[in-house]
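To start, the structure itself, in structure tokens.
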Amino acid sequence: MVASNQSEVNIGMVGHVDHGKTSLTRKLTGVWTDTHSEELKRGISIRLGYADCEIKKCESCNEPECYTVDKKCDCCSGKVETLRKISFVDAPGHETLMATMLSGASLMDGAILVIAASEECPQPQTKEHLMALDALGVKNILIVQNKIDLVTEEQAVENYEQIQKFTKGTVAEKAPIIPVSAHHGANLDVLLKAIQEFIPTPKRDETVSPRLYVARSFDVNKPGSEIKDLKGGVIGGSIIQGILKVGDEIEIRPGSKVVEGNKTKWVPIITKIISLGAGSKKLKTALPGGLIGVGTELDPNLTKSDALSGSLAGIPGTLPETLEKITIRPQLLERVVGSQDELLIEPLKTNEVLMLNVGTSTTVGVTVSAKAEKVEIKLKLPVCADSGDRVAISRKIGSRWRLIGYGIIL
């Protein structure tokens with residue numbers, strides 16, 4: 001079964017701030033993903049941005065010139081055939097927004113690490129983003145050496161060698177390095193060919209109970225709308241397994257926070273799928289892969305301003321329990337990356353405050369007990385997760401949260 005309107009793979013666009021991730025996404029998709037007023041004002045990505053593109057190929061022309069995202073071949077203006085539709089997840093590169101990048105990494109089947117040829121490599125967040133991909137198990141990586149139009153050939157070669165040295169011994173050691181100018185659209189055909197070769201569509205199991213990682217949630221109603229015209233809340237994210245259909249009843253966990261006296265509990269939300277969409281296309285059935293919007297019967301107050309981002313959605317009764325405490329087996333990095341002085345990472349201690357990313361969820365927790373092989377953490381915001389899931393671990397160093405490793409939930 002093929003949903004031709006839907007992307008089949010999610011590719012993260014990651015790297016240091018201002019290295020050209022959003023510009024490259026726009027060149028490939030035609031969509032400028034910095035759409036929030038604060039982002040436009042500051043010129044940086046603050047939230048995760050999403051955009052789709054279709055990789056097409058002309059049968060008449062030679063490789064790599066035959067690859068394009070346009071309706072006609074760039075070389076001969078001839079007919080093109082669509083090979084695959086992909087979704088890009090544009091992650092913020094600013095160090096203060098690392099939590100957003102980590103929550104986006106759980107949606108990524110592969111990643112493009114964008115490195116500007118016009119700056120020394122590696123820059124702090126170039127390092128931190130590569131470590132994050134490694135920590136969260138993203139293995140299919142391409143490197144784009146961007147802004148080659150701003151440097152001489154000698155500088156480009158020197159930067160290329162710096163990239164090779166930086167990636168040696170990392171998950172990106174064998175990643176192709178593709179020189180590109182996003183501004184001029186140079187070498188995009190080579191990049192598209194590499195995406196086809198090095199970031200395959202993962203095998204998905206469509207027969208099991210569906211699970212949707214929720215990365216965004218919205219109220220799509222305009223202020224002053226008539227009551228009869230109001231639409232239910234919308235959640236956006238990616239199905240990691242199974243299939244969702246219009247009309248399905250779904251459960252969203254952890255759900256709503258309910259305070260009774262001195263006690264707080266989390267109650268799962270049950271709702272019905274009213275509509276499914278991928279980009280501007282409507283779907284009746286949504287498959288794993290790509291980013292989708294799910295229209296629901298929920299009160300829009302529950303979904304506005306990303307209130308449900310970090311949740312897990314699925315068929316009622318099939319989701320993991322909501323956890324207010326987790327036990328993990330930690331795997332710490334040797335040194336702190338992303339800061340100028342790369343300090344040695346000390347073992348986790350009891351009563352330490354940590355930031356954790358589980359799926360698309362970001363939460364803070366306090367270690368209740370800390371041993372080398374087993375750490376128990378009480379969470380401020382609960383998560384819905386299974387044993388075996390990966391958790392990114394960050395520690396506050398100075399005034400910033402820094403990635404220090406990952407853990408596996410026991």
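Each Cβ is built from the backbone N, Cα and C atoms, and glycine gets one as well.
What Swiss-Prot records for Asp18, Gly43 is Mg(2+) 2 binding site, and it gives sequence analysis as the kind of evidence.
Cβ contacts within 10 Å of Ile148 (GTP binding site), excluding its own Cβ and spanning all protein chains shown: 25. Positions annotated as GTP binding site by Swiss-Prot, on the basis of sequence analysis: Asp18, His19, Gly20, Lys21, Thr22, Ser23, Asn146, Lys147, Ile148, Asp149, Ser181, Ala182, His183.
Sequence annotations record features per position, and here Swiss-Prot assigns Mg(2+) 1 binding site to Thr22, Ser45.
Taken from Swiss-Prot, the feature Zn(2+) binding site covers Cys58, Cys61, Cys73, Cys76, and the record attributes it to sequence analysis. Secondary structure at Cys76 (Zn(2+) binding site), taken from DSSP and collapsed to helix, strand or coil, is coil.
If you look up Swiss-Prot, you'll see 6-203 marked as domain 'tr-type G'.
For 15-22, the entry in Swiss-Prot reads region 'G1', with the evidence type sequence analysis.
Taken from Swiss-Prot, the feature region 'G2' applies to 43-47, supported by sequence analysis.
Swiss-Prot lists 90-93 with the feature region 'G3', giving sequence analysis as the kind of evidence.
Positions annotated as region 'G4' by Swiss-Prot: 146-149. The average pLDDT computed for the region 'G4' (146-149) is 95.
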Cβ contacts under 8 Å made by the region 'G4' (146-149) with residues that lie 6+ beyond its boundaries:
19-20, 23-24, 114-118, 156, 179-184, 186-187
Work out how many Å separate Gly20 (GTP binding site) and Cys58 (Zn(2+) binding site) at their Cα atoms, rounded off.
28
Alpha-carbon spacing, Asp18 (Mg(2+) 2 binding site) to Cys76 (Zn(2+) binding site), which is rounded to whole Å:
34
When you measure from the Cβ of Ser181 (GTP binding site), how many other Cβ atoms are you left with inside 10 Å?
20
Taking Thr22, Cys58, Cys76 as the binding-site residues to compare, which has the smallest set of other Cβ atoms within 10 Å?
Cys76
Max CA to CA distance in Å over the GTP-binding set Asp18, His19, Gly20, Lys21, Thr22, Ser23, Asn146, Lys147, Ile148, Asp149, Ser181, Ala182, His183?
17
